[in-house]
Amino acid sequence: MSQEPQSEEVQEEDGVTAKVVPGQQLQESGPGAAPAKKLTILGVACTLIGGILWGFSGTCSKILMDTWGIGSLWLVAVRQLFAGSALLIMGVWAHRDVLARLASSRRDMLQLVLAAFAGMMLNSAAYLNCVQITDSGTATVLQSLSIAMVLVYLCLRTRTAPSKREVVGLLLALLGVYLICTHGDLGALRISPSGLFWGFFCALGAALMSVVSRRLLVTYGSTAITGLMMLVVGTVLLFVVQPFSHMPALDAAGWGLLAFTVVFGTVAAYGLYFQGVKILGAYKAGLLGTIEPVTATVASVLLTGTSFVAPELAGFAAIILMVFLTS
């Protein structure tokens, strides 16, 4: 964008002053601050690894739903309950007073609930529904449109016009969706309307999740906040879906895939990604997180035999190019 966005400072418990700039990486100053370069490298590594694990998790979820008939909400409920509990325990173990500090702020509690429901629950449920209807590659590419949504939000918030590169990037995003949905034929919709519907809300949930939770991640730590958001979502779905009253008939392979989606595709993926958001910001972390659609597309081809035609691949390329242009 053409102007520097406004920043806000958040005082952390170790005496480090963290300057939070929308769309930019976390800047720290003070006696306890880590060198900026090492901090940035850590943020990049966390985001990339989280995105790769997320991509494989989407394909594993697709196999679980298609082979064993697991419902998308059942999978969301189980993943969020177990992963949220694990992350919360790790977060509280590292910072014993985090829950007391959070509970003392009504504003932060409301923000946590908003991030959990408007962001994480919407993103998780919409993503798995889109995966079930289409495939993990298409779902993750559509989810990448969250970058464009965050960009528009930042432009409106900071009252700045997008740069030429960003305008081209947004046009590429629209072109990518057009190619994926129509294969270049205006008279035909090649993706089901329900798949497109869930893909849009998946992207919206991802954008809201990154933006709304950012200040909480910086203030309280990514592990505890991510775990709390998951536990809130999982607890609500526990009563709505009642996953343990109708367990699927899984064999050893099925349990292995389920364990992978919980431990690596949820605990590790979310934890690492939100650590990246904390360090780099929602926008830059989202840019690096687009390794996920590449991983998911490759995993779909290798593990499920999914095939993509040339217009779809061109659409994928347009959206990924959008990501790098808008950076």
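Glycine too: its Cβ is placed from the backbone N, Cα and C atoms.
Cross-referencing 5-23, 195-213 with TrEMBL places the feature transmembrane segment at 195-213. Sequence-distant residue pairs (6 or more apart) of the transmembrane segment (168-189) and the transmembrane segment (309-326) include at least 3 whose Cβ atoms are under 8 Å, placing the two stretches in contact. Counting only same-chain residues 6+ beyond the ends of the transmembrane segment (309-326), those with a CB under 8 A from a CB of the stretch are 137-138, 141, 144-145, 147-148, 151, 165-166, 168-170, 172-173, 175-180, 182-184, 190, 287, 290, 293-294, 297. At the 8 Å Cβ threshold, with sequence separation of at least 6, the transmembrane segment (220-241) comes into contact with the transmembrane segment (68-89) through 3 or more pairs.
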